[in-house]
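Asker: One structure, pasted below without further comment.
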Amino acid sequence: MMIQVILFGYFLTCVSVDGFRRTPATLILRDVPVAPDQSLETLTPFVPPSIPDPDAILLEAKVSSPQIPDAHVLLHADCNEQEVTCELSRYSPHGPQEAQEATHFLVSLSVEGGEFSTAFILQTSVVERDHSTLIQNKLGLPLSPSGTLLTEVIFLVFSHIKSVSAPLRGDVLLYCGFRQQETPLAQEVAVEWRLQHRGKGWKVFEMKTRLDDAEGSTVVLAERKGSSVNASLVVGQGDASLTLSRLKALDEGTYICTVTLGPFNAQQVIQLHVTQPPEVSLSEEKFVLKTDPPQTLSCHCSKYYPLDAQMEWWSLSPEDSEPKLLLDQGSLSSHRQHGDGSYSLSSHLSVPSSVSPGTRLTCRVSHQALDAPVSLTVVVESPTQGSYWWVLGFLIVSVLFFHQVMT
Ligand SMILES: *[C@@H]1O[C@H](CO)[C@@H](O)[C@H](O)[C@H]1NC(C)=O
């Protein structure tokens, strides 16, 4: 079943006299496929204005070929209270051009929450002009009898995930796909992945291939060690996903996937977050009170990423029913950074001799890579009979020794 969908967006004029002024525009997507079980009651069909308005920007596009993957997500964004972001701008194909009859627009469309994002290029369709044809005021383009600008999607790049988290030293797949109209725009395809982080940017991967001869023509022009894009998937399925292996903290940032097909290109942006939960350990497995305080109990958080980790000391004495946050939270070591970018941190707690045996001392660690805080506990034990006698024996021996020396 086919239905019509309307989406409101903003028109970003790039070449008109308005410069970069943002003007409201309407994008009418036709032929969005709808699953049989989807309810259509909440959808309002597009009704063309009874008197076409040459000032209004109404872009009408068919999305059946090439199909925009997951376009049905758009239909339910409203019910799910997800915001749809739509931006339109004039697009100029680059490189040497034959006299171009058509005008192009670039549309960026995404649904809040991130499971749908696409950038596509619209090409104006040929409109038969006669004396009654209206011309759009700002764009100078002929309008259809219902006042819309008729276009076709010719090329699109999409992603179904805007943000990915992966562990240090692990592997990750950053998804980026593309589709083009049935009559191929070009046989050469280039895939480029760039990383931007803290104001710096560099190329992670670049590849060129031909859609008609992937075997013979694939050239990898740049790559980070351990990165790859599968050329046969690029050619066979329009899948330009990037695999990164043995992740380091430095791999974190904003990835930009650019697919270039002949004179056209479009991009998708994906955030990669590297996370690694801390390994938490205590310096003592058994904590036996000694007679000569203070004794130190240390809690170590090792090899985690990113930097923010919170360590807390709690105690639960036999008299109490609830654990208490200790007033003295110990002293923190400075952060140590390892070769892979991960951090380690220790907290040293001076345990007062007044602590009663049976008290449970807990180190509690919170970090964004942990689903829940990790708590490690030792129970304070009174000096055992054996060690008590040992200490007493040692004292007697010392006293005797000094007695001998002095006399
Ligand atoms: C690329 O993808 C094809 C098709 O899925 C697969 O058969 C092949 O093993 C992949 N190549 C690499 C190097 O992963």
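Using the three backbone atoms N, Cα and C, a Cβ is placed for every residue, glycine included.
Feature list, courtesy of TrEMBL:
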COMPBIAS  342-352  compositional bias 'Low complexity'
DOMAIN    145-275  domain 'Ig-like'
DOMAIN    278-375  domain 'Ig-like'
REGION    331-352  region 'Disordered'
SIGNAL    1-17  signal peptide
TRANSMEM  387-406  transmembrane segment
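Walk me through the surroundings of each of these features.
Answerer: Remote same-chain residues near the compositional bias 'Low complexity' (342-352) are listed as 168, 249, 276, 287, 289, 293-307, 309, 311, 313, 326, 328-333, 335-336, 361, 363, 380 (criterion: CB distance under 8 Å, separation of at least six residues from the stretch ends).
Across the region 'Disordered' (331-352), DSSP assigns 0 helix, 13 strand, 9 coil.
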Asker: Summarise the domain 'Ig-like' (145-275) by DSSP state, stating how many residues are helix, strand and coil.
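Answerer: Helix, strand and coil residues of the domain 'Ig-like' (145-275) number 14 helix, 76 strand, 41 coil.
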Asker: Using DSSP, how many residues in the domain 'Ig-like' (278-375) fall into helix, strand and coil?
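Answerer: Output for the domain 'Ig-like' (278-375) reads 0 helix, 50 strand, 48 coil.
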